[in-house]
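Here's what TrEMBL has on this protein:
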BINDING   Arg46, Asp103, Glu104, Ser105, Lys145, Gly162, Asp163, His240, Ser241  substrate binding site
BINDING   His116, His141, Asp142, His214, His240, Asp273  Fe cation binding site
Amino acid sequence: MTIAIEQPQTEVEVEDKQIPSDDPMELVLDGGFTVPETNSFGHSFRDYDAESERQKTVEEFYCTNHIHQTYNFVKRMREEYGKLDRAEMSIWECIELLNEFIDESDPDLDEPQIEHLLQTAEAIRKEYPDEDWLHLTGLIHDLGKVLLHPSFGQLPQWAVVGDTFPVGCAFDECNVHHKYFKENPDYSNPKYNTKLGAYSEGCGLNNVLMSWGHDDYMYLVAKENKTTLPSAALFIIRYHSFYPLHRHGAYQYLMNDEDKENLKWLHIFNKYDLYSKSKVRIDVEKVKPYYLSLIEKYFPAKLKW
């Protein structure tokens, strides 16, 4: 399958960089990355209250998302999509499919997903040239959004995109548009509405069910297709939308030591995922050979989806 893609270009300043501190509350903006003051609409990044043409759509999205993302729903979706029996295709074929979609939960950008993937990957590549696994992680982190495609069941956006959060325990108030959780059946269920709910302290995020969406799905795809990417890459893929944790420090009581180590890399990744969004385009044909070489290094030629 082939879809025509426009060819953009971007530049990012390169300076010295460092691994972030152990403080999971700190959003590290090291490496010389030039952080823009405003998003594509002239507002602060992740401002969910700013009056804009996107604000109403985004809030309606989170209302539906928070009502329907229950513990039982997530279990059902993981069982169904964990079979990986929907399609067989390469990583790049999947990337091309995403050119058809725009994320309704994102207040910062309304460009097709292919643009965001390449902007993220190229920004990382410029500042961490020796970490090729991180470049590839930037490229593929959102590929789970193929769940929006008809061949994958054409799931509604509320079941594919948006910030993620644990289900099976109390919904932390730092979740965006928290008020809508009050209509979620789990909100009043004593099995799931306490701090720990179905879990134990320090159980590890791998033992926690996250709201269903593209993060968890792409994690399952990568893991079950036996990628050779390091564990930090899988952690980034699975939790890059878990803003309550990596931006606000919520739910730390569920983490184990391995989670805390991998969180350092997620903090590095997050600044590129969030702040590389712009209207500046990447020259796809120029960078494609490099990323194809990384895909060949870390993945089989064809993946089960």
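Counting starts with 1 at the first residue shown.
Every residue, even glycine, has its Cβ placed from backbone N, Cα and C.
Whatever TrEMBL says is automated annotation, not expert-curated.
From a predicted model like this one, the values you see are computed outputs, not experimental measurements.
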At a 10 Å cut-off from the C-beta of Asp163 (substrate binding site), count the other C-beta atoms across all protein chains.
22
Would you list the other residues of this chain near Fe cation - those whose C-beta lies within 8 angstroms of the C-beta centroid of His116, His141, Asp142, His214, His240, Asp273 - in sequence order?
Leu117, Thr120, Asp215, Ser241
Taking each of the binding-site residues Asp142, Asp273 in turn and counting other Cβ atoms within 10 Å of its Cβ, which one has the fewest?
Asp273
Give me the non-local Cβ neighbours of Ser241 (substrate binding site): same chain, 6+ apart in sequence, Cβ-Cβ under 8 Å, ordered along the sequence.
Val161, Gly162, Asp163, Thr164, Gly213, His214, Asp215
Whole-number Å distance between the CA of His116 (Fe cation binding site) and the CA of Lys145 (substrate binding site)?
12
For His141 (Fe cation binding site): intrachain residues, at least 6 apart, with Cβ closer than 8 Å:
Leu117, Thr120, Met218, Ile236, Ile237, His240, Phe269, Asp273
